[in-house]
Ligand SMILES: CC(=O)N[C@H]1[C@@H](OP(=O)(O)O)O[C@H](CO)[C@@H](O)[C@@H]1O
Ligand SMILES: [Mg+2]
């Protein structure tokens, strides 16, 4: 890149997308997240970085997604997607953070330094796909990203409003045309097409019924399901709620995160006893199910449930295929309910890996298995199939006995419904519905597999959340001194007690998780551990307490 060209970049940045705040911003669990009005220069600079990344990857397409997922409307965020549709390689997160925080004056020299460091050949073509969620601040930010791409002579393509998983999917397809067509239509064709295909083979029977209620979180996922709904032919009757408009606010008292954390039904969804409801998050990458019983008690079917449903059904099909040398494993985080882990290891006899929070860690660990199911308890997850697994299954469809062939064909359809690039609420919804239908099960039967331990999540505000360090997949706390000892002491008082704390990577808070035998005890333990964090890690504001 001749220096004159970079000088243009620099001048353009200062004029169009100046750095307006000195607040340090970090590439966290899912990219940069903060108030939307602090993000414009960050997004512009991620446009620059995406071009550099694309060139380092020989001109393969890189993705930029503008979203703050389950956060409320005033927030926004940006993250980069690597060529296979996976999260940005971790070693580049530090580079992203550096570039986001330099002054306008130093932007030129830092950009040059990054180009040298990563040995980008700036004469190559560069291609960047940009997607955004429904936030009113997103179009402006998407334009800033495009400007960044253009400034370094890359080619941006704006996909408009898409779910986060659609952007991941399109990036993957653009770089690997065997995976599908890199458009929203291509996504429907592959994922919804495979669902319709499999439903031809699985007639509705038993306790399963095709009516599904959906809480769209007033975000993009519900809107896309509304498009899909019209193409479904009785395979699934979707009743959609919280589609945005009508005064409903994004993620406010609705959506997967609200339902999971508050353990309450979302506003805006009609209550019908025993009706299963799927709740999506704001950018359509998380899925939680729930139902209310005839006493209006809520029963949650979270990411752990979805993971166990997948693992057990896929294992069943693999057994029928007699593809027993394919190793299936499950990946969870410390937030997984203890009862789910016990069920997976003891009843399903499937190996479990526990990793740090954040999809990138789960995704990476799942690659170690032939078939890796990964899920965060909050409903973000998918299944990864190795090439070996795909080849083996395909071979059985051609050479197996009739029963084996049938199971292998179902597996191939299931692979096609799956968005292997990232957790995807829409793809997961179709997978869950497929499995419930195949088993002729209603939600009560699904819930009966195991009983969750009551749990509680709380947030504590501290002066500096980085004062907390953890180890052992975040289950043990190494700083500040004395905090882990205190947690151990508190946990010891409770039957089946478990608790841990960690700094959030997406919000300026510390998260506390506790579980125990009863809800009252889990709540009490969570409050006590929160108080310990408050006392030992520099709490600010009010003393921790349970939400109203
Ligand atoms: C406990 C929890 O749900 N944490 C979420 C949340 O991360 P934190 O680092 O905990 O803020 O947002 C991430 C991105 O969406 C998601 O991957 C993760 O699971
Ligand atoms: Mg999300």
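Here the Cβ of each residue, glycine as well, is placed from N, Cα and C on the backbone.
Annotated in TrEMBL:
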| type | residues | note |
| --- | --- | --- |
| ACT_SITE | 69 | active site, phosphoserine intermediate |
| BINDING | 69, 281, 283, 285 | Mg(2+) binding site |
| BINDING | 376, 377, 378, 502, 503, 504, 505, 506, 511 | substrate binding site |
| DOMAIN | 61-101 | domain 'Alpha-D-phosphohexomutase alpha/beta/alpha' |
| DOMAIN | 112-173 | domain 'Alpha-D-phosphohexomutase alpha/beta/alpha' |
| DOMAIN | 183-287 | domain 'Phosphoacetylglucosamine mutase AMG1' |
| DOMAIN | 302-439 | domain 'Phosphoacetylglucosamine mutase AMG1' |
| DOMAIN | 487-530 | domain 'Alpha-D-phosphohexomutase C-terminal' |
Nearest of the recorded positions (69, 378, 503, 505, 511) to residue 285 (Mg(2+) binding site), judged by Cα-Cα distance: 69
For the domain 'Alpha-D-phosphohexomutase alpha/beta/alpha' (61-101), mean pLDDT (0 to 100): 96
Residue 378 (substrate binding site) to residue 281 (Mg(2+) binding site) - Cα separation in whole Å: 10
Under 8 Å by Cβ from residue 503 (substrate binding site), same chain, sequence gap 6 or more: 465, 466, 468, 509, 510, 511
Cβ under 6 Å from ligand 2: qualifying recorded positions of 69, 281, 283, 285, 378: 69, 281, 283, 285
Tally of residues which DSSP labels helix, strand or coil - the domain 'Alpha-D-phosphohexomutase C-terminal' (487-530): 17 helix, 12 strand, 15 coil
Chain-mates of 69, 281, 283, 285 with C-beta within 8 Å of site centroid, Mg(2+): 67, 70, 133, 163, 164, 219, 221, 256, 280, 282, 284, 286, 380, 425
Residue 281 (Mg(2+) binding site): nearby recorded positions from 69, 376, 505, Cα cut-off 10 Å: 69
Candidates 69, 376, 505 (recorded positions) - the one closest to residue 283 (Mg(2+) binding site) by CA: 69
Summary of DSSP states over the domain 'Alpha-D-phosphohexomutase alpha/beta/alpha' (112-173), given as helix, strand and coil counts: 30 helix, 13 strand, 19 coil
Candidates near ligand 1 among the recorded positions 69, 281, 283, 376, 503, 505, judged by a Cβ under 6 angstroms: 69, 376, 505
Residues of the domain 'Phosphoacetylglucosamine mutase AMG1' (183-287) by DSSP state, where helix covers H, G and I: 37 helix, 15 strand, 53 coil
